[in-house]
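Enquirer: As annotated in TrEMBL:
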BINDING   His132, His137, His315  Fe cation binding site
DOMAIN    1-438  domain 'Lipoxygenase'
Amino acid sequence: EYVMQHWKEDFMFGYQFLNGCNPVLIRRCTEIPKKLPVTMDMVECSLERNLTLEEEVKVGLLSGSLEGHTVCCLILNMKDLEFHIFFYIFQLGQKPGPDNPIFLPSDATYDWLLAKIWVRSSDFHMHQTVTHLLRTHLVSEVFSIAMFRQLPAVHPLFKLLVPHMRFTIAINTKAREQLICECGLFDKANATGGGGHVQMVQKAMKDLTYSSLCFPEEIKAKGMDSKEDIPYYYYRDDGIKVWEAIKSFAEDVIHIYYESDEVVCEDVELQAFVKDIYVYGMRGVKASGFPKMIRTRETLAEYLTVIIFTTSAQHAAVNFGQYDWCSWIPNAPPTMRCPPPTEKGTVTIEQIVESLPDRGRSCWHLGAVWALSQFQDKELFLGMYPDEHFVEKPVKEAMAKFRKNLDEIVSTITERNKNKKLPYYYLSPDRIPNSVAV
């Protein structure tokens, strides 16, 4: 209801880049993109700090690039004196020109609204195809298949990882049969259906690197790690806490079974597992940064954290908010029936309505985002291990410590969310399923 009531507001538009369904695209901008020929004259009336555009860049401009199949958007987000993202500049194509205007908050009401709707639609496609499908579902399947191929059920790393692979291969098989196949839901409801989603996945593979799956490293690489500069980035704050809890747990288990780095090097089944992911999952592409083998306990702890975090927390962060953010169609249109505007001053409310998806496609979309946002019956959340794969007392003590750390994170997030109109709870451990199963 909150999204439905406030979706037109610029604050809500900006907030979603930080804590919405797709909080992974925003990054610090060190220079104005050459493809975005914005000038001081365009933005002077909207700047609060009496700085030039170049000075705004130095103090911390944020940007996002949405290279969707339907439209490509370049966005600049500026912060106000209270650090809220408040001001946006974007164009709906990558090539500057008279038929590709730069849209500003000072434009006519309907010009600005339609431009924002186009950005939201492009963001939806990036989220659904790249952030959600590729970077959680398909990557998690790579981990699952390699585990079942290479690690015997008695191996401690199989016991550690198998709860985080629960139903992943099954749900992805179902997706290939009903969602992303020919005449599937993507074709019926989404503008990227009919093969566009496949092109997007293939293009996004070049950015699917090992370091990009290391949560703290990726946040830092995007220049989004400073709480002082960007204090309301709850996806970052909660994600770091969960990452550290998972890594601590992985380290505890590793130190029980691996007395030294030499033991790690000599574990032929572990090395086969790592090689399988590199050779078959990443197609042996060196640029992916995925290791061919692991030589130290420290590296192994990070590697296992990447797997567990991706299959649990990262998927939760980008999946279970879909009904919240995408069920109000103008905030996340799955398709647009008219081309993007090529000039300003001509948009009417009738044109906006004609651009939005029709009733049939809206219904397909609504059913999909509702279904994807539901927890399973008897869902197993992070830290819950009812199947006793481990019988050793030290591991059970490590699990108890892990659950205690997670409970503390839940308490911290619950306290922060009190009295918030827009609480952020997608990375609260009591809402993070163990595996990609929806």
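The backbone N, Cα and C atoms fix where each Cβ goes, and this holds for glycine too.
Since we're looking at a predicted model, the values are computed, not measured.
Looking at the shown structure, can you explain where the listed features end up?
Expert: Take the CB of His132 (Fe cation binding site) and look out to 10 A: across all protein chains shown you find 21 other CB atoms.
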Enquirer: If one looks at the chain holding His315 (Fe cation binding site), which residues at least 6 apart in sequence have a CB under 8 angstroms from its CB?
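Expert: When sequence neighbours closer than 6 are ignored, His315 (Fe cation binding site) has His132, Thr136, His137, Ser140, Pro433, Val436 within Cβ distance under 8 Å.
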Enquirer: Across all chains shown, how many C-beta atoms besides its own are within 10 angstroms of the C-beta of His137 (Fe cation binding site)?
Expert: 19
Enquirer: Apart from His132, His137, His315, which residues in this chain have a Cβ no more than 8 Å from the mean position of the Cβ atoms of those residues at the Fe cation site?
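Expert: Residues close to the Fe cation site, other than His132, His137, His315: Thr131, Leu133, Arg135, Thr136, Ser140, Gln314, Val318, Asn319, Val436.
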